[in-house]
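Please read the structure below before turning to the comments.
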Amino acid sequence: MRRGLVLFAALLLGVALAQGDVDPREEAKRQKELLLSTAGILPTELVVMQGEELFHRKGPSGKTMAECDFGLGKGVLEGAAARLPRYFLDTNRVEDLDSRIVTCMTRVQGFKPEEVKRDEVVAVAFYIASKSTGHKIQVRLLFPEERELYALGEKLFWARSGARDVGCATCHVSYVGRRAGVLPYADVLGKDKSWTHWPAYRYSNDQTWTMQDRIRACYGNIAHPQPALYSQPILALELYLAYHANGAVVEEWPAFVR
Ligand code: HEC
């Protein structure tokens, strides 16, 4: 009897382990289909619609975001997000999707910086990113500002710090992970092309994240103070990762992930 119970417990544990082992991509696909069949619409689509409304809302200056240049000319959104981050002459700095939306809201639409709401920026990012589904990532290092930021991103990515002496590469480059005896989570520079997984809706905690949120959360993993949203370290790491994803096709933006 005892023996039977132990066996049963071992069996249950085996099932639990097997469930923890499910390929996260496969599991996300399953969750997505489940949601679609019950709700008929995905949270990503709702946020994209919300972003589209905000895009066409007039700011204090009377202008909508169609007056803004996201890199390919005023109001051109098709494929624009797949080419970010990039250097912008009008601000004289490299901007990613999030920061360019903030620039648009403040410089063109006339919002005060403190009036810019993060959830609105994310919704607009979802909408603009949706116009790059099917496009190839094409990020260049043409301007000295881009090359400098890339170099900073590279430095930050390979740096190790803290009591545990870890950095991004410890968890995210498969050969480093193997050498250190740590399971690699995602090979963010290699075949995974993680860049194209964000912005995304995370069904596990019902959150909408851009790449900025993803990187900031990972800074938490290394017990390192999180750099602020829109700050140089975040932009630098984004440029570094985006450049390594060059040529990858965006399967679906915004993505639907765990
Ligand atoms: C302690 C391990 C660890 C460290 C260190 C770490 N991360 Fe992560 N990272 C994770 C985990 C776990 C995930 C979630 C993996 C998943 O869902 O497949 C993740 C996810 C990511 C993703 C998304 C991958 C994808 O395919 O969607 C990116 C990009 C990323 N991290 C970047 C970074 C950067 C940049 C740093 C350094 C600032 C960093 N990470 C440091 C553990 C780590």
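Every residue gets a Cβ built from N, Cα and C, even glycine.
What TrEMBL annotates here:
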type	residues	note
SIGNAL	1-18	signal peptide
DOMAIN	50-137	domain 'Cytochrome c'
BINDING	Cys68, Cys104	heme c 1 binding site
BINDING	Cys168, Cys171, His172, Cys218	heme c 2 binding site
BINDING	Arg214	substrate binding site
ACT_SITE	Cys218	active site, cysteine persulfide intermediate
Per-state residue totals over the domain 'Cytochrome c' (50-137) - DSSP helix, strand, coil:
40 helix, 9 strand, 39 coil
Least buried by Cβ count (within 10 Å) of the binding-site residues Cys68, Cys104, Cys168, Cys171, Cys218:
Cys218
Any further residue of that chain within 8 Å (Cβ to the Cβ centroid of Cys168, Cys171, His172, Cys218) of the recorded heme c 2 site:
Gly167, Ala169, Thr170, Tyr185, Val188, Asn221, Ile222
Express in Å, rounded to the nearest integer, the largest CA to CA distance found among the heme c 2-binding residues Cys168, Cys171, His172, Cys218 named in the record.
11
Go through the binding-site residues Cys68, Cys171, Cys218 and pull out the ones with a Cβ less than 6 angstroms from some atom of ligand 1.
Cys171, Cys218
If you draw a 10 Å sphere on the Cβ of His172 (heme c 2 binding site), how many other Cβ atoms land inside?
21
Measure from the Cβ of Arg214 (substrate binding site) and count the other Cβ atoms within 10 Å, all protein chains considered.
21
